[in-house]
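As written in TrEMBL, here are the features:
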type     : residues : note
COMPBIAS : 8-22     : compositional bias 'Basic and acidic residues'
REGION   : 1-22     : region 'Disordered'
TRANSMEM : 37-59    : transmembrane segment
TRANSMEM : 71-89    : transmembrane segment
TRANSMEM : 101-122  : transmembrane segment
TRANSMEM : 292-311  : transmembrane segment
TRANSMEM : 323-340  : transmembrane segment
TRANSMEM : 360-378  : transmembrane segment
TRANSMEM : 390-410  : transmembrane segment
Amino acid sequence: MASSNCTRLKDDRGTEISKSPSHELGSKFSDDGTVTYFWRAHTLTVLFVLVSVLIYVAVFEPVRDDTSYNTKRGLVASVLAFILLGVTVTPDGVFKRPHPVVWRFAFCCSIVYELALIFTLFQTKTDAIHLLKHIDSKLGVPLEEKSYGGNCLIYDKDVPEDPFHNVWDKFDVFVPTHFFGWWLKTLVLRDWWLSVVMSVMFEILEYTLEHQLPNFSECWWDHWIMDAAICNGLGIYLGLKTLKYFSMRTYHWRGLWRIPTYRGKLKRLIAQFGPYSWVDYDWRSTSSLGRWVATLGITFVFLLAELNTFYLKFVLLVPPEHYLNLVRLFLFLFWGAVSMREVYQYLDDPDCTKIGRQSWMTLAIISTEFLIVAKFDWETITKPFPSHIVLLWVVGLSSLVGWTVWRFIISGSQRMSGLLNVDERRQRWAVVRSCELGKFAMKDD
(Lines of atoms letter the chains of each structure in order from A and count residues from 1; the text may use other names and numbers.)
(Lines give C-alpha, C1' and ligand atoms only; values in the text may rest on other atoms or scores of the structure.)
Protein backbone atom coordinates (compact mmCIF):
# COMPACT_ATOMS: atom_id res chain seq x y z
CA MET A 1 0.00 0.00 0.00
CA ALA A 2 1.62 3.24 -1.10
CA SER A 3 0.64 6.79 -0.24
CA SER A 4 0.19 8.25 -3.72
CA ASN A 5 -3.25 9.25 -5.05
CA CYS A 6 -4.70 8.97 -8.53
CA THR A 7 -5.50 12.46 -9.80
CA ARG A 8 -7.96 11.58 -12.54
CA LEU A 9 -10.30 8.65 -12.37
CA LYS A 10 -12.38 6.64 -14.78
CA ASP A 11 -15.46 4.65 -13.84
CA ASP A 12 -16.19 1.12 -15.02
CA ARG A 13 -17.44 2.44 -18.38
CA GLY A 14 -14.30 4.48 -19.02
CA THR A 15 -15.98 7.84 -18.33
CA GLU A 16 -13.70 10.29 -16.59
CA ILE A 17 -14.97 11.41 -13.17
CA SER A 18 -14.05 14.88 -12.10
CA LYS A 19 -12.56 15.37 -8.66
CA SER A 20 -15.12 16.75 -6.19
CA PRO A 21 -15.98 16.35 -2.50
CA SER A 22 -18.51 13.66 -3.35
CA HIS A 23 -15.72 11.68 -5.05
CA GLU A 24 -13.33 11.74 -2.12
CA LEU A 25 -13.39 7.95 -2.03
CA GLY A 26 -12.26 7.76 -5.63
CA SER A 27 -9.46 10.26 -5.05
CA LYS A 28 -8.09 8.01 -2.31
CA PHE A 29 -8.30 4.77 -4.26
CA SER A 30 -6.47 3.13 -7.14
CA ASP A 31 -5.68 -0.42 -8.22
CA ASP A 32 -3.10 -1.46 -10.80
CA GLY A 33 -5.36 -4.36 -11.81
CA THR A 34 -2.83 -7.08 -11.10
CA VAL A 35 -4.54 -10.48 -11.28
CA THR A 36 -2.42 -13.22 -9.73
CA TYR A 37 -2.95 -16.94 -9.33
CA PHE A 38 -4.36 -16.16 -5.90
CA TRP A 39 -7.25 -14.19 -7.43
CA ARG A 40 -8.09 -16.24 -10.51
CA ALA A 41 -10.99 -18.70 -10.53
CA HIS A 42 -10.04 -22.38 -10.25
CA THR A 43 -13.34 -24.09 -10.92
CA LEU A 44 -11.87 -27.08 -12.76
CA THR A 45 -9.24 -27.60 -10.08
CA VAL A 46 -11.90 -27.57 -7.37
CA LEU A 47 -14.05 -30.00 -9.35
CA PHE A 48 -11.07 -32.33 -9.83
CA VAL A 49 -10.31 -32.32 -6.09
CA LEU A 50 -13.97 -32.96 -5.20
CA VAL A 51 -14.33 -35.86 -7.63
CA SER A 52 -11.00 -37.33 -6.48
CA VAL A 53 -12.17 -37.36 -2.86
CA LEU A 54 -15.45 -38.98 -3.84
CA ILE A 55 -13.61 -41.64 -5.89
CA TYR A 56 -11.45 -42.42 -2.88
CA VAL A 57 -14.51 -42.82 -0.64
CA ALA A 58 -16.37 -44.93 -3.17
CA VAL A 59 -13.52 -47.20 -4.34
CA PHE A 60 -10.60 -47.29 -1.92
CA GLU A 61 -11.92 -46.49 1.56
CA PRO A 62 -12.89 -49.54 3.68
CA VAL A 63 -16.61 -49.84 4.30
CA ARG A 64 -17.60 -49.39 7.94
CA ASP A 65 -20.82 -51.14 9.04
CA ASP A 66 -21.96 -48.40 11.44
CA THR A 67 -25.20 -46.63 10.54
CA SER A 68 -24.77 -43.78 13.02
CA TYR A 69 -21.17 -43.12 11.96
CA ASN A 70 -21.99 -43.25 8.25
CA THR A 71 -25.01 -40.98 8.67
CA LYS A 72 -23.01 -38.33 10.52
CA ARG A 73 -20.18 -38.48 8.02
CA GLY A 74 -22.58 -38.29 5.11
CA LEU A 75 -24.27 -35.19 6.51
CA VAL A 76 -20.94 -33.49 7.16
CA ALA A 77 -19.72 -34.40 3.67
CA SER A 78 -22.92 -33.01 2.11
CA VAL A 79 -22.53 -29.73 3.99
CA LEU A 80 -18.86 -29.42 3.03
CA ALA A 81 -19.66 -30.18 -0.61
CA PHE A 82 -22.36 -27.50 -0.61
CA ILE A 83 -19.98 -24.94 0.93
CA LEU A 84 -17.26 -25.89 -1.56
CA LEU A 85 -19.71 -25.43 -4.42
CA GLY A 86 -20.83 -22.09 -2.96
CA VAL A 87 -17.38 -20.58 -2.51
CA THR A 88 -16.52 -21.67 -6.06
CA VAL A 89 -19.51 -20.38 -8.03
CA THR A 90 -21.28 -17.85 -5.76
CA PRO A 91 -20.92 -14.24 -7.03
CA ASP A 92 -18.66 -11.92 -5.08
CA GLY A 93 -20.19 -9.78 -2.37
CA VAL A 94 -19.55 -6.18 -1.41
CA PHE A 95 -16.26 -6.96 0.38
CA LYS A 96 -13.07 -8.27 -1.25
CA ARG A 97 -10.44 -8.52 1.50
CA PRO A 98 -8.68 -10.64 2.53
CA HIS A 99 -10.21 -12.62 -0.35
CA PRO A 100 -13.74 -12.81 -1.84
CA VAL A 101 -13.82 -16.52 -1.00
CA VAL A 102 -13.93 -15.62 2.71
CA TRP A 103 -17.19 -13.73 2.27
CA ARG A 104 -18.62 -16.39 -0.03
CA PHE A 105 -17.79 -18.94 2.66
CA ALA A 106 -19.58 -16.81 5.27
CA PHE A 107 -22.65 -16.53 3.03
CA CYS A 108 -22.74 -20.30 2.43
CA CYS A 109 -22.42 -20.89 6.18
CA SER A 110 -25.42 -18.62 6.74
CA ILE A 111 -27.46 -20.80 4.36
CA VAL A 112 -26.38 -23.99 6.14
CA TYR A 113 -27.15 -22.43 9.53
CA GLU A 114 -30.60 -21.29 8.44
CA LEU A 115 -31.39 -24.76 7.09
CA ALA A 116 -30.27 -26.27 10.40
CA LEU A 117 -32.49 -23.80 12.27
CA ILE A 118 -35.50 -24.67 10.10
CA PHE A 119 -34.90 -28.37 10.69
CA THR A 120 -34.65 -27.71 14.44
CA LEU A 121 -37.89 -25.71 14.36
CA PHE A 122 -39.74 -28.83 13.19
CA GLN A 123 -38.51 -30.87 16.17
CA THR A 124 -39.62 -31.01 19.77
CA LYS A 125 -37.45 -29.34 22.40
CA THR A 126 -36.28 -32.73 23.70
CA ASP A 127 -35.36 -33.96 20.23
CA ALA A 128 -33.57 -30.70 19.41
CA ILE A 129 -31.42 -31.00 22.54
CA HIS A 130 -30.76 -34.64 21.69
CA LEU A 131 -29.58 -33.61 18.21
CA LEU A 132 -27.05 -31.23 19.79
CA LYS A 133 -25.67 -34.14 21.80
CA HIS A 134 -24.54 -35.65 18.50
CA ILE A 135 -22.30 -32.58 18.11
CA ASP A 136 -21.01 -32.72 21.68
CA SER A 137 -22.03 -35.41 24.14
CA LYS A 138 -21.50 -32.97 27.01
CA LEU A 139 -24.42 -30.83 25.84
CA GLY A 140 -27.98 -31.30 27.07
CA VAL A 141 -27.13 -30.92 30.74
CA PRO A 142 -29.26 -28.38 32.72
CA LEU A 143 -27.40 -25.10 33.04
CA GLU A 144 -26.44 -23.42 36.26
CA GLU A 145 -27.47 -19.85 35.49
CA LYS A 146 -25.28 -17.31 37.24
CA SER A 147 -26.99 -14.26 38.69
CA TYR A 148 -24.84 -11.13 38.87
CA GLY A 149 -27.28 -9.39 41.21
CA GLY A 150 -27.69 -10.09 44.91
CA ASN A 151 -25.24 -8.19 47.10
CA CYS A 152 -24.54 -4.96 45.21
CA LEU A 153 -22.27 -3.23 47.71
CA ILE A 154 -19.18 -1.86 45.99
CA TYR A 155 -17.34 -1.71 49.32
CA ASP A 156 -18.41 -4.45 51.72
CA LYS A 157 -17.13 -3.51 55.19
CA ASP A 158 -18.35 -6.83 56.57
CA VAL A 159 -15.54 -8.56 54.65
CA PRO A 160 -12.46 -6.58 55.73
CA GLU A 161 -9.99 -8.99 54.14
CA ASP A 162 -11.49 -8.29 50.67
CA PRO A 163 -14.07 -5.46 50.82
CA PHE A 164 -14.23 -5.21 46.99
CA HIS A 165 -15.09 -8.89 46.51
CA ASN A 166 -18.40 -8.01 44.82
CA VAL A 167 -16.52 -6.06 42.14
CA TRP A 168 -13.88 -8.75 41.57
CA ASP A 169 -16.63 -11.37 41.32
CA LYS A 170 -18.04 -9.57 38.27
CA PHE A 171 -14.72 -9.69 36.41
CA ASP A 172 -15.07 -12.86 34.37
CA VAL A 173 -14.59 -13.87 30.75
CA PHE A 174 -17.51 -11.64 29.69
CA VAL A 175 -15.62 -8.42 30.55
CA PRO A 176 -13.16 -8.67 27.60
CA THR A 177 -16.00 -10.13 25.53
CA HIS A 178 -18.02 -6.95 26.10
CA PHE A 179 -15.07 -4.74 25.19
CA PHE A 180 -13.97 -6.53 22.02
CA GLY A 181 -17.58 -7.20 21.08
CA TRP A 182 -18.51 -3.54 21.03
CA TRP A 183 -15.30 -2.59 19.27
CA LEU A 184 -16.23 -4.95 16.43
CA LYS A 185 -19.91 -3.96 16.52
CA THR A 186 -18.89 -0.33 16.08
CA LEU A 187 -16.89 -1.33 13.01
CA VAL A 188 -20.03 -3.02 11.67
CA LEU A 189 -22.38 -0.09 12.40
CA ARG A 190 -19.83 2.64 11.51
CA ASP A 191 -21.78 5.18 13.55
CA TRP A 192 -21.22 6.36 17.13
CA TRP A 193 -24.86 7.34 17.69
CA LEU A 194 -26.26 3.94 16.72
CA SER A 195 -23.56 2.15 18.75
CA VAL A 196 -24.27 4.14 21.92
CA VAL A 197 -28.05 3.83 21.57
CA MET A 198 -27.86 0.06 21.11
CA SER A 199 -25.45 -0.30 24.03
CA VAL A 200 -27.79 1.60 26.36
CA MET A 201 -30.89 -0.12 25.00
CA PHE A 202 -29.47 -3.57 25.66
CA GLU A 203 -28.83 -2.66 29.30
CA ILE A 204 -32.47 -1.53 29.52
CA LEU A 205 -33.55 -4.83 27.97
CA GLU A 206 -31.57 -6.69 30.62
CA TYR A 207 -33.48 -4.77 33.30
CA THR A 208 -36.70 -5.58 31.45
CA LEU A 209 -36.10 -9.32 31.10
CA GLU A 210 -34.26 -10.23 34.30
CA HIS A 211 -37.44 -11.88 35.59
CA GLN A 212 -37.15 -14.35 32.68
CA LEU A 213 -33.42 -15.06 32.60
CA PRO A 214 -31.42 -14.95 35.86
CA ASN A 215 -28.32 -14.15 33.80
CA PHE A 216 -29.75 -10.67 33.14
CA SER A 217 -29.93 -9.81 36.84
CA GLU A 218 -27.07 -7.42 37.58
CA CYS A 219 -26.22 -4.66 40.03
CA TRP A 220 -26.84 -1.09 38.89
CA TRP A 221 -23.11 -0.35 38.75
CA ASP A 222 -22.54 -3.54 36.78
CA HIS A 223 -25.08 -2.36 34.19
CA TRP A 224 -24.05 1.26 33.84
CA ILE A 225 -20.45 1.52 35.02
CA MET A 226 -18.77 -1.78 34.17
CA ASP A 227 -20.82 -2.66 31.07
CA ALA A 228 -22.19 0.51 29.46
CA ALA A 229 -19.50 3.03 30.48
CA ILE A 230 -16.27 1.04 30.75
CA CYS A 231 -16.47 -2.11 28.60
CA ASN A 232 -18.96 -0.95 25.95
CA GLY A 233 -17.82 2.68 26.07
CA LEU A 234 -14.13 1.90 25.61
CA GLY A 235 -14.96 -0.63 22.90
CA ILE A 236 -17.03 1.97 21.02
CA TYR A 237 -14.27 4.58 21.46
CA LEU A 238 -11.65 2.22 20.03
CA GLY A 239 -14.05 1.34 17.23
CA LEU A 240 -14.49 5.03 16.33
CA LYS A 241 -10.72 5.52 16.28
CA THR A 242 -10.38 2.51 13.99
CA LEU A 243 -13.11 3.87 11.70
CA LYS A 244 -11.31 7.21 11.51
CA TYR A 245 -8.08 5.45 10.56
CA PHE A 246 -9.74 3.44 7.79
CA SER A 247 -11.57 6.53 6.53
CA MET A 248 -8.48 8.74 6.27
CA ARG A 249 -6.00 6.32 4.71
CA THR A 250 -5.29 6.03 0.98
CA TYR A 251 -6.07 2.73 -0.74
CA HIS A 252 -3.51 2.44 -3.50
CA TRP A 253 -3.20 -1.23 -4.41
CA ARG A 254 -0.16 -2.66 -6.18
CA GLY A 255 0.66 -6.21 -7.10
CA LEU A 256 2.95 -7.91 -4.59
CA TRP A 257 5.67 -8.63 -7.16
CA ARG A 258 5.65 -5.05 -8.42
CA ILE A 259 6.79 -3.78 -5.03
CA PRO A 260 10.63 -3.67 -5.05
CA THR A 261 11.46 -3.89 -1.33
CA TYR A 262 10.86 -6.73 1.13
CA ARG A 263 9.46 -4.26 3.65
CA GLY A 264 6.99 -3.04 1.05
CA LYS A 265 5.97 -6.63 0.28
CA LEU A 266 5.42 -7.32 3.99
CA LYS A 267 3.27 -4.18 4.40
CA ARG A 268 1.28 -5.23 1.33
CA LEU A 269 0.65 -8.69 2.82
CA ILE A 270 -0.56 -7.16 6.09
CA ALA A 271 -2.77 -4.68 4.22
CA GLN A 272 -4.45 -7.63 2.50
CA PHE A 273 -6.34 -8.23 5.76
CA GLY A 274 -7.70 -4.67 5.83
CA PRO A 275 -10.45 -3.09 3.70
CA TYR A 276 -10.10 -2.93 -0.07
CA SER A 277 -11.85 0.44 -0.12
CA TRP A 278 -13.81 2.36 2.47
CA VAL A 279 -17.31 3.83 2.61
CA ASP A 280 -18.33 6.00 5.56
CA TYR A 281 -21.90 5.43 6.75
CA ASP A 282 -23.85 8.64 7.17
CA TRP A 283 -27.21 7.30 8.32
CA ARG A 284 -28.83 10.74 8.96
CA SER A 285 -31.61 8.95 10.77
CA THR A 286 -33.82 12.02 11.31
CA SER A 287 -33.52 13.39 7.78
CA SER A 288 -36.76 11.72 6.66
CA LEU A 289 -39.53 9.52 7.99
CA GLY A 290 -38.32 6.61 5.87
CA ARG A 291 -34.79 6.86 7.23
CA TRP A 292 -36.11 7.14 10.79
CA VAL A 293 -38.29 4.03 10.45
CA ALA A 294 -35.39 2.16 8.84
CA THR A 295 -33.10 3.11 11.72
CA LEU A 296 -35.67 1.90 14.25
CA GLY A 297 -35.94 -1.36 12.31
CA ILE A 298 -32.16 -1.82 12.28
CA THR A 299 -32.03 -1.20 16.03
CA PHE A 300 -34.84 -3.69 16.67
CA VAL A 301 -33.25 -6.45 14.57
CA PHE A 302 -29.82 -5.84 16.10
CA LEU A 303 -31.16 -6.07 19.65
CA LEU A 304 -33.24 -9.16 18.82
CA ALA A 305 -30.11 -10.89 17.55
CA GLU A 306 -28.37 -10.01 20.83
CA LEU A 307 -31.25 -11.42 22.88
CA ASN A 308 -31.36 -14.59 20.79
CA THR A 309 -27.82 -15.33 21.95
CA PHE A 310 -28.95 -15.60 25.58
CA TYR A 311 -32.31 -17.25 25.03
CA LEU A 312 -31.01 -19.93 22.65
CA LYS A 313 -28.36 -21.13 25.07
CA PHE A 314 -30.96 -21.11 27.85
CA VAL A 315 -33.55 -23.05 25.85
CA LEU A 316 -31.19 -25.54 24.19
CA LEU A 317 -28.97 -25.99 27.28
CA VAL A 318 -25.75 -24.74 25.67
CA PRO A 319 -23.23 -23.43 28.26
CA PRO A 320 -22.10 -19.82 27.68
CA GLU A 321 -18.46 -20.88 27.31
CA HIS A 322 -19.20 -23.60 24.73
CA TYR A 323 -17.53 -23.18 21.35
CA LEU A 324 -20.91 -23.26 19.53
CA ASN A 325 -21.75 -19.87 21.03
CA LEU A 326 -18.38 -18.47 19.99
CA VAL A 327 -18.71 -19.82 16.44
CA ARG A 328 -22.20 -18.32 16.11
CA LEU A 329 -21.03 -14.90 17.31
CA PHE A 330 -17.99 -15.04 15.03
CA LEU A 331 -20.13 -15.83 11.99
CA PHE A 332 -22.67 -13.16 12.94
CA LEU A 333 -19.83 -10.64 12.85
CA PHE A 334 -19.20 -11.46 9.18
CA TRP A 335 -22.90 -11.66 8.33
CA GLY A 336 -23.62 -8.40 10.15
CA ALA A 337 -20.78 -6.52 8.46
CA VAL A 338 -22.02 -7.44 4.97
CA SER A 339 -25.67 -6.94 5.92
CA MET A 340 -25.14 -3.43 7.29
CA ARG A 341 -23.27 -2.42 4.16
CA GLU A 342 -26.05 -3.82 1.95
CA VAL A 343 -28.75 -2.12 4.03
CA TYR A 344 -26.95 1.22 3.96
CA GLN A 345 -26.55 1.04 0.19
CA TYR A 346 -30.22 0.05 -0.17
CA LEU A 347 -31.22 3.18 1.76
CA ASP A 348 -28.74 5.58 0.17
CA ASP A 349 -28.17 4.41 -3.41
CA PRO A 350 -30.98 5.50 -5.78
CA ASP A 351 -30.06 2.67 -8.18
CA CYS A 352 -30.23 -0.05 -5.52
CA THR A 353 -33.77 -1.42 -5.69
CA LYS A 354 -33.55 -4.61 -3.62
CA ILE A 355 -32.01 -5.76 -0.38
CA GLY A 356 -28.79 -7.78 -0.59
CA ARG A 357 -28.68 -11.56 -0.35
CA GLN A 358 -26.70 -11.60 2.91
CA SER A 359 -29.15 -9.15 4.50
CA TRP A 360 -32.01 -11.41 3.46
CA MET A 361 -30.33 -14.43 5.01
CA THR A 362 -29.46 -12.58 8.21
CA LEU A 363 -33.06 -11.45 8.69
CA ALA A 364 -34.27 -15.01 8.08
CA ILE A 365 -31.77 -16.40 10.61
CA ILE A 366 -32.70 -13.93 13.35
CA SER A 367 -36.40 -14.54 12.79
CA THR A 368 -36.02 -18.34 12.84
CA GLU A 369 -33.91 -18.22 16.00
CA PHE A 370 -36.64 -16.26 17.77
CA LEU A 371 -39.31 -18.69 16.56
CA ILE A 372 -37.32 -21.60 17.99
CA VAL A 373 -37.18 -19.84 21.35
CA ALA A 374 -40.89 -19.06 21.20
CA LYS A 375 -41.83 -22.65 20.29
CA PHE A 376 -39.56 -24.43 22.77
CA ASP A 377 -40.04 -22.16 25.79
CA TRP A 378 -43.19 -20.10 25.40
CA GLU A 379 -43.69 -20.15 29.16
CA THR A 380 -40.45 -18.26 29.78
CA ILE A 381 -40.88 -15.49 27.23
CA THR A 382 -44.51 -14.90 28.28
CA LYS A 383 -43.84 -14.49 32.00
CA PRO A 384 -45.79 -11.39 33.12
CA PHE A 385 -43.72 -8.21 33.28
CA PRO A 386 -43.48 -6.31 36.56
CA SER A 387 -45.73 -3.24 36.67
CA HIS A 388 -42.84 -0.76 36.82
CA ILE A 389 -41.33 -2.32 33.67
CA VAL A 390 -44.66 -2.05 31.86
CA LEU A 391 -44.93 1.61 32.89
CA LEU A 392 -41.36 2.28 31.69
CA TRP A 393 -42.04 0.86 28.24
CA VAL A 394 -45.45 2.51 27.89
CA VAL A 395 -43.89 5.90 28.63
CA GLY A 396 -40.89 5.20 26.39
CA LEU A 397 -42.85 3.94 23.38
CA SER A 398 -45.48 6.68 23.74
CA SER A 399 -42.72 9.29 23.76
CA LEU A 400 -41.11 7.70 20.69
CA VAL A 401 -44.37 7.64 18.73
CA GLY A 402 -45.26 11.15 19.85
CA TRP A 403 -41.88 12.58 18.84
CA THR A 404 -42.07 10.79 15.47
CA VAL A 405 -45.51 12.24 14.73
CA TRP A 406 -44.42 15.73 15.77
CA ARG A 407 -41.10 15.64 13.92
CA PHE A 408 -42.22 14.22 10.60
CA ILE A 409 -45.95 15.03 10.36
CA ILE A 410 -46.99 17.96 12.53
CA SER A 411 -43.88 20.08 12.04
CA GLY A 412 -43.65 19.13 8.36
CA SER A 413 -39.97 18.21 8.63
CA GLN A 414 -40.16 15.10 6.50
CA ARG A 415 -37.98 16.59 3.75
CA MET A 416 -34.68 14.89 2.94
CA SER A 417 -32.75 17.63 4.72
CA GLY A 418 -29.03 17.17 4.97
CA LEU A 419 -28.88 14.43 2.33
CA LEU A 420 -27.22 14.69 -1.05
CA ASN A 421 -29.69 14.98 -3.90
CA VAL A 422 -30.46 11.98 -6.05
CA ASP A 423 -27.93 12.79 -8.80
CA GLU A 424 -25.12 13.37 -6.31
CA ARG A 425 -25.89 10.13 -4.49
CA ARG A 426 -26.09 8.23 -7.76
CA GLN A 427 -22.70 9.64 -8.81
CA ARG A 428 -21.20 8.84 -5.40
CA TRP A 429 -22.30 5.23 -5.55
CA ALA A 430 -21.04 4.91 -9.13
CA VAL A 431 -17.62 5.79 -7.74
CA VAL A 432 -18.04 3.27 -4.91
CA ARG A 433 -18.98 0.46 -7.28
CA SER A 434 -16.08 1.28 -9.57
CA CYS A 435 -13.66 1.21 -6.65
CA GLU A 436 -15.02 -2.15 -5.47
CA LEU A 437 -14.63 -3.58 -8.96
CA GLY A 438 -11.07 -2.23 -9.12
CA LYS A 439 -11.86 -0.47 -12.40
CA PHE A 440 -10.49 2.96 -11.63
CA ALA A 441 -7.56 3.68 -13.90
CA MET A 442 -4.83 6.24 -13.25
CA LYS A 443 -4.24 8.78 -15.98
CA ASP A 444 -1.39 11.22 -16.26
CA ASP A 445 -2.12 14.95 -16.32
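Every residue gets a Cβ built from N, Cα and C, even glycine.
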Range from 71-89, 323-340, 390-410 with most C-beta pairs under 8 A to the transmembrane segment (37-59): 71-89
Contact call for the transmembrane segment (292-311) against the transmembrane segment (71-89), three or more Cβ pairs under 8 Å: no
Intrachain residues whose Cβ lies under 8 Å of the transmembrane segment (323-340), provided they are six or more past its termini: 93-95, 102-103, 106-107, 109-110, 113, 132, 135-136, 181, 184-185, 187-190, 281, 298, 305, 309, 313, 356, 358-359, 361-362, 365
